[in-house]
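What follows is a single structure, written as structure tokens, with notes after it.
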């Protein structure tokens, strides 16, 4: 008869332990109920990007001296720089500059090492297209000023996200 009593005691202890575990999980679930949702309705709401965000590269044609430092520091040798040597003035003249954003890894080395600061990162991150060949930007497309999210009146910008507490 004693083994039956000990089995009931073990069963009771296991039941209490299971109820405690379920209660702990339920309390964690309830603690998340008072937090704000993290979901952002993307096309209508956008986050303000940070100051050091690595978006589309902006290129200023007039500042470039065709030194090709950007090509040397790029881990995938991506920027294509075409230039012609002007023998009378002994300087390089830039003819064409292009970057294929379908291949670019947005590491920012070209921007960081450019001696004339003709390259800069923008806050523009919407680069999706239906054809991958449209992602090959020449100097005209790279020179286009980025559209600021803050200036667009049709989009509600979200400045502060609720911090996720762990």
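All positions are counted from 1 along the displayed chain.
Here the Cβ of each residue, glycine as well, is placed from N, Cα and C on the backbone.
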#### Entry: Same [4Fe-4S] cluster 2 site per Swiss-Prot - residue from 67, 74 joining 104, 107, 110
74
### Query
Could you state the CA-to-CA distance between residue 64 ([4Fe-4S] cluster 1 binding site) and residue 104 ([4Fe-4S] cluster 2 binding site) to the nearest Å?
20
## Note on the structure
In DSSP terms, the domain '4Fe-4S ferredoxin-type 1' (55-84) comprises 5 helix, 8 strand, 17 coil
### Greatest C-beta neighbour count within 10 angstroms, which of the binding-site residues 64, 67, 70, 74, 107
70
### Message
I'd like the per-state residue tally for the domain '4Fe-4S ferredoxin-type 2' (95-124) from DSSP, helix first, then strand, then coil.
### Response
5 helix, 9 strand, 16 coil
#### Entry: Whole-number Å value for how far residue 70 ([4Fe-4S] cluster 1 binding site) lies from residue 107 ([4Fe-4S] cluster 2 binding site) (Cα to Cα)
12
## Note on the structure
For residue 67 ([4Fe-4S] cluster 1 binding site) and residue 110 ([4Fe-4S] cluster 2 binding site), the CA-to-CA distance in whole Å is 12
